Amino acid sequence: MTATRIETDTFGPIEVAADRYWGAQAQRSLGNFKIGWEKQPLPVVRALGIVKRAAAEANLALGKLDPKIAETIIAAANEVIEGKLNDHFPLVVWQTGSGTQSNMNANEVISNRAIEMLGGEMGSKKPVHPNDHVNMSQSSNDTFPTAMHIACAEQVVHDLLPALKHLHKALAAKAAEWKDIIKIGRTHTQDATPLTLGQEFGGYAQQIENGIARIEMTLPMLMQLAQGGTAVGTGLNAPVGFAELVAEQIAGITGLGFTTAPNKFEALAAHDAMVFTHGAINTVAASLFKIANDIRFLGSGPRAGLGELSLPENEPGSSIMPGKVNPTQSEALTQVCAQVFGNHSTLTFAGSQGHFELNVFNPVMAYNFLQSVRLVADAAISFTDNCVVGIEPRVDNIKKGVENSLMLVTALNGKLGYDACAKIAKTAHKNGTTLREEAVGGGYLTNEEFEQYVRPEKMISPG
């Protein structure tokens, strides 16, 4: 039988496994919210550790917290930050919308670990109390939003942006490598005028570059922190200067540019910054969906598709068709993008649900945001390393497409006019002949003139 100890809260005593650091409120949450399997994301757990350490440092500096207690809280919080106590954060996402249970989970774990460090009895709340000491100058209403912003900003900066830059570099390299390969363009999925394969991939690279810039542009607002607003934004029970000092400490711990939010009422009641940054991520997902689709369609075949690109062959593609290989990286990436689109709908709705002085959809916002960041970052690296870098052009097929395209007739607009050119193209399409055969045979111009005007390499730039 598992050994237990007694923990207490305002509802009375409750048994907790003796080897677990959490206390009564986390234990009650385990019983009250048996919903799903989605645990509180580890980046949020780390961020709660950062908040508790920063708050202890600020309270110590302001003379509110005994130095010995503060030092021990900081030591225990560091273990949370380092991931050493992850097993002691068992709560699911689906809990109170303020994140109170997860905040108390952090308070209790740090309290009991600090008590253990000081040689005390876990569950006694002495000499380190989860509310009076670990949660000093704080409310769940400002602590969880602060942790949410820290977690999301850290993941964007350290995981998402580097992954997107990795993809951008690979796409830009292909654009430079293929700058002289002329291919036929397509609009409305139909043949259009020529461009180079490098220009096409240069467009993809620019989409990702723009996406990176959009995300970076949103970060200053995401890095504004609610801490110091306490229950409703007034800062009740937080000493003067606490908000500014705790933000400074958080910036120091993370190495990121966190600041105190200029208006704590907005910071508690609305999470527009979360919606805004995720909107930029959603836009990147839209870009990635387009790029992944183009690449898999251009690589369709190998015998009966467009066949302009040869995609890396990573694994067998069919359990029934021998030799079949599929564009699996594009398929994985587009599924990720679909998930991000759904997450953005959730975040948009949740962000609108600030009722009076508090938004109570915090955990689901954090969960969906962090899932999007993790998925896009991982998928961008996978798509780059397992697809983009190994793509090769099928030059013969590309050349054949250019030679057979009727849209080269556009080069004759200036000499023959739109109507005559349209007639040449339609006749060639109807008869299964070439533009040259119809233009020269129909007496529109000589063979030499056709050679002079219809030059694909002259059709890939203005003029």
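Just so it is clear, glycine is given a Cβ too, placed from its N, Cα and C backbone atoms.
Annotation comment: Swiss-Prot describes HIS188 as active site, proton donor/acceptor. Secondary structure at HIS188 (active site, proton donor/acceptor), taken from DSSP and collapsed to helix, strand or coil, is coil.
Same-chain residues at least 6 positions away in sequence with a Cβ under 8 Å from that of SER318 (active site) are, in sequence order, LYS324, ASN326. According to DSSP, SER318 (active site) sits in a coil region rather than a helix or strand. For SER318, the entry in Swiss-Prot reads active site.
The Cβ neighbour count for SER98 (substrate binding site), using a 10 Å radius and every protein chain shown, is 22. Under the heading substrate binding site, Swiss-Prot lists 98-100, 129-132, 139-141, THR187, SER319, 324-326.
Among the features that Swiss-Prot reports, site 'Important for catalytic activity' is placed at GLU331. GLU331 (site 'Important for catalytic activity') counts 12 other C-beta atoms within 10 Å of its own C-beta, drawing on all protein chains shown. Under the DSSP three-state reduction, GLU331 (site 'Important for catalytic activity') is assigned to helix.
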For a quick check of packing: other C-beta atoms within 10 Å of the C-beta of ASN326 (substrate binding site), how many? 16
Can you tell which of the binding-site residues (THR100, SER140, THR187) has the fewest other C-beta atoms within 10 angstroms of its C-beta? THR187
Across all chains shown, how many C-beta atoms besides its own are within 10 angstroms of the C-beta of HIS188 (active site, proton donor/acceptor)? 6
Candidates PRO130, SER140, HIS188 (recorded positions) - the one closest to GLU331 (site 'Important for catalytic activity') by CA: HIS188
Roughly how many Å separate the Cα of SER140 (substrate binding site) from that of HIS188 (active site, proton donor/acceptor), to the nearest whole number? 52
